[in-house]
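Per TrEMBL, transmembrane segment is recorded for 74-93, 113-133, 153-172, 184-210, 216-239.
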């Protein structure tokens, strides 16, 4: 990636952050700018910066074979996760800026739903799965040829930084979790949709989204899908447990 493009994207992200912070402090007195608002604002800016750099990086460059064939970046779970995190942290920041009873607002309910069912389990899953496979054999998930396209710091921006922001969200504010069966139905639906999408890409152009998938038979792919969904479910339950651990007293007393 050319250095001038990196500087351009970084400058745009910094500019957007300062504009957002100025708007925040105009809407809310400075002494009321809370830790959760700063965490959510920074999270949204990180997502926006990562997305912009991800999309702009391919302009005029020699790409590794197949990386943007059919569907472009939209077939990669990392890219979709960045969109999800940017959406969540944006909604969360707007929710923090609300006046009055935030707990009863539609925006706050959307924030809680996005975080509990999607942002935390999916975001944490992406980090854990990516670095586990990367440590075993990076060629199965992130071939070395991509290093000339995405520098190492961009790899961490896409696959590492999401976790500190999500854990920070757990610590700085409580979330109301939906009924477990409804949450698992939603997660299962999203997982099945993504599975259908990567299979569609394979049958359309003969390329697996991730090289790892080429090493599995059909039963193996089915088993891998159910294993991955089981991990996501466990991460959802972990998020619920952490939320209860940090905030059970506040939520019991209605302090959401």
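Just so it is clear, glycine is given a Cβ too, placed from its N, Cα and C backbone atoms.
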Below 8 Å between Cβ atoms, which of the listed ranges 113-133, 153-172, 184-210 makes the most pairs with the transmembrane segment (216-239)?
113-133
With Cβ-Cβ distances below 8 Å as the criterion, list the same-chain residues six or more beyond the ends of the transmembrane segment (184-210) that contact it, or say none.
66, 69-71, 75-77, 80, 117-118, 121-122, 140-141, 225, 228-229, 232-233, 236
